[in-house]
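Please read the structure below before turning to the comments.
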Amino acid sequence: MLNFISKPVGCLKGEITVPGDKSISHRSIIFGAIAIGTSVIDGFLDGEDCIATLKAFQSMGVRIEGPDKQRVIIHGVGKYGLKQPQNIIDCGNSGTSMRLLAGLLAAQQFDSQLTGDESLLKRPMLRISRPLSQMGADVTTQDGKPPIVIKGGKKLNGVHYVMPEASAQVKSCLLLAGMYAEGQTKITENAVSRDHTERMLRTFSYPVQIQDGTIVIDRNGECHGTRLNIPGDISSAAFFIVAASITPDSDVLIRNVGINPTRTGIIHILTEMGADIRILNQRAYGEEPVADLHIRYSQLKGIDIPVSMVPLAIDEFPVIFIAAACAQGKTTLHGAKELRLKESDRIGAMVDGLNQLGVHAEGFDDGILIEGGSIQGGEVNSRGDHRIAMSFAIAGAVASAPVTIKNCANVATSFPSFVTTANMLHFQIEEYS
């Protein structure tokens with residue numbers, strides 16, 4: 001078992017970059033694989049989750065070179081060129097891989113099966129199997145959870161699906177199926193979710209219409225190979241945005257961070273709490289907006305986090321809770337029940353961990369209350385969740401004594417270089433088994 005010890009530090013200073021965006025990296029492989037022609041992707045995240053997606057397409061006959069220095073070269077086989085995999089596709093810890101692949105595989109002529117690790121096998125999949133079945137797909141789960149068994153050769157028909165809650169994974173799953181369905185597939189969102197798939201469709205020259213919260217796609221298009229630069233992942237940058245905000249005298253610059261407006265909830269929330277975050281040198285990598293982020297220490301105050309921010313910061317809440325633990329006053333969050341269905345029950349994991357470190361925190365069914373103050377040293381269990389592990393590593397920098405975090409191996413799913421990057425800013429994080 002891999003564990004971290006994070007020791008208190010004086011201040012954090014320096015300039016870093018973070019690895020490529022995980023959501024965009026997954027999608028670059030998917031669309032590159034079914035494109036006509038070759039795609040060159042730079043800035044690819046070579047974490048275990050994205051490698052699971054890459055290996056899935058290699059098992060379906062797609063030639064992919066790399067990753068080599070964050071570059072992958074994908075020799076696309078076209079929309080109808082995938083071949084039946086010889087084995088069950090193992091998605092590891094990656095819910096994104098499983099849910100997006102399910103949409104694509106539901107439209108193929110061959111049978112397939114998707115499985116994953118112990119954590120992934122507990123995650124809900126009816127949210128994709130039900131709408132796929134409405135389209136005519138033959139998709140079965142085990143009591144609503146993986147593994148997923150897909151019978152190929154089914155004729156799919158477009159549907160108009162109104163999303164019951166914000167979920168970029170469900171939306172993307174149905175858009176991928178819609179690329180093969182008879183007639184139009186329409187997806188209406190009542191709350192904003194990540195729009196990387198819609199942007200990626202445009203990058204690969206596939207026709208998609210978006211109007212008044214409804215996305216429309218049909219099968220009358222092809223993806224075409226392209227060149228793509230992937231920006232740094234704001235979900236990875238989040239750890240250092242919070243760290244610089246809560247560690248006195250800190251001054252940190254993070255370059256080349258994706259600032260897609262469906263992902264910048266963390267910046268809005270921390271700014272509302274009083275953080276000093278400056279967005280510099282705004283530009284674009286293809287369809288995705290990018291900037292450099294300059295963060296300096298500022299005393300934070302507790303707030304009631306608006307429900308509208310939940311889908312815009314869903315992956316960043318664990319480290320936002322660390323910021324709340326250091327703020328003056330109470331912070332509350334509601335409307336975030338989805339946090340209980342992630343790689344772990346993130347509300348439960350954070351409440352337990354914060355209480356272990358002397359912070360008063362209470363969990364609700366759909367949120368949390370945190371009374372800010374100071375963080376003590378101690379030991380917490382990440383429950384095998386990469387974002388919980390990294391969040392408590394950040395807490396160690398401002399704790400009164402070292403913080404030990406157990407069960408951190410899954411940090412490699414999203415941020416393999418986390419400890420190295422953190423220590424460049426003068427963190428003191430050590431790994432041990």
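Any Cβ shown, glycine's included, is placed from N, Cα and C.
What Swiss-Prot records for the 3-phosphoshikimate site is Lys22, Ser23, Arg27, Ser167, Gln169, Lys342, and among Asp68, Asp138, Asp304, Asp315 the residue it adds there is Asp315. Here the Cα atom of Arg346 (phosphoenolpyruvate binding site) is found 25 Å from that of Arg27 (3-phosphoshikimate binding site). Lys22 (phosphoenolpyruvate binding site) sits 12 Å from Asp315 (3-phosphoshikimate binding site), taking the CA atoms of both as reference points.
Straight-line distance linking the Cα atoms of Arg123 (phosphoenolpyruvate binding site) and Lys342 (3-phosphoshikimate binding site), rounded to a whole number, equals 7 Å.
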